[in-house]
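Colleague: Quick one: this structure, given as structure tokens, is what I'll be asking you about.
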Amino acid sequence: MSDLSGKTIIVTGGGSGIGRATVELLVASGANVAVADINDEAGEAVVAASGGKAAYFRCDIAQEEDVKALVAQTLAAFGGLDGAFNNAAIPQAGLPLAEVSLERFRQSMDINVTGTFLCMKYQILAMIERGTKGSIVNTASAAGVVGVPMHGEYVGAKHAVVGLTRVAAADYGKHGIRVNALVPGAVRTPMLQRAMDNDAGLEPYLNSIHPIGRFSEPHEQAQAAVWLLSDAASFVTGSCLAADGGFTAI
């Protein structure tokens with residue numbers, strides 16, 4: 001387990017799935033965690049289970065004032081900011097590109113791209129102001145590395161996240177700030193579990209498209225994210241860590 005004792009980390013989308021698993025592992029690794037979500041009940045439940053090492057802040061990452069407030073509240077609560085896991089996103093699938101409405105496309109870009117940009121912007125500014133050599137991890141996707149049919153707006157958004165990650169790594173390496181992307185394949189999140197409950201063929205299909213023969217559990221993504229956030233990855237920046245069971249290898 002990585003040692004993050006005394007470090008302060010923001011986790012967006014921290015109320016469920018990969019975000020929740022990452023909060024739990026960060027707390028177990030000694031970190032203080034600012035849990036951000038738009039689901040107050042879920043976020044507060046994660047904090048209640050943290051043993052006093054986490055605080056919940058409501059944040060819609062597509063809203064600049066919310067993101068600025070999240071960073072300010074984190075600094076006020078914990079006295080610094082050492083890292084961030086920008087994980088909040090909305091997955092969308094099921095339509096060929098020409099059938100995607102402009103409204104749906106913009107929603108994907110607003111949350112998945114603009115939200116990630118805003119989070120990085122204000123996290124980086126806070127780190128530079130305090131001279132902190134921090135680490136930022138953005139959740140991309142296998143869909144941010146390859147084309148996936150029927151996922152047009154999501155593929156476009158996650159490719160943009162990968163690009164923003166690489167640019168930020170190049171821009172801010174001189175400040176000692178590392179920026180990397182986590183690239184999951186399919187993950188057993190609550191949303192995916194609901195979809196599988198309604199479609200008996202979905203789980204066997206997802207297993208079949210990952211060379212490892214199954215898809216990921218949230219804690220496996222959390223382990224990868226926490227490693228990137230830790231000093232164990234001190235020379236890793238601008239990278240896309242594929243924790244995807246081989247999905248992007250074929």
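Each residue, glycine too, has its Cβ placed from N, Cα and C.
Quick paste from Swiss-Prot:
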| type | residues | note |
| --- | --- | --- |
| BINDING | 9-34 | NAD(+) binding site |
| BINDING | Ser141 | substrate binding site |
| ACT_SITE | Tyr154 | active site, proton acceptor |
Colleague: Helix, strand or coil: which one is Ile9 (NAD(+) binding site) in, per DSSP?
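Modeller: The three-state answer is strand.
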Colleague: Here the binding-site residues are Ile9, Ala21, Val33; which one has the lowest number of other Cβ atoms no more than 10 Å from its Cβ?
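Modeller: Among the binding-site residues Ile9, Ala21, Val33, the sparsest Cβ neighbourhood within 10 Å belongs to Ala21.
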Colleague: Let me check the 10 A CB neighbour count of Leu25 (NAD(+) binding site). How many other CB atoms are there?
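Modeller: Within a 10 Å radius of the Cβ of Leu25 (NAD(+) binding site) lie 23 other Cβ atoms.
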Colleague: For Gly13 (NAD(+) binding site), what is the tally of other C-beta atoms lying within 10 angstroms of its C-beta?
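Modeller: I get 30 for this one.
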Colleague: Report, in whole Å, the straight Cα-to-Cα distance of Ser141 (substrate binding site) from Ile9 (NAD(+) binding site).
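Modeller: Between the Cα atoms of Ile9 (NAD(+) binding site) and Ser141 (substrate binding site), the distance comes to 21 Å.
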Colleague: Comparing the binding-site residues Ser29, Ser141, which residue's C-beta has the most other C-beta atoms within 10 angstroms in this structure?
Modeller: Ser141
Colleague: In whole Å, note down how far the CA of the residue listed as 'active site, proton acceptor' lies from the CA of the residue listed as 'substrate binding site'.
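Modeller: Distance between the two Cα atoms comes out at 9 Å.
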Colleague: Which state, by DSSP, holds Leu25 (NAD(+) binding site): helix, strand or coil?
Modeller: helix
Colleague: Taking only the Cα atoms, work out how far Tyr154 (active site, proton acceptor) lies from Ser29 (NAD(+) binding site), in Å, as a whole number.
Modeller: 32
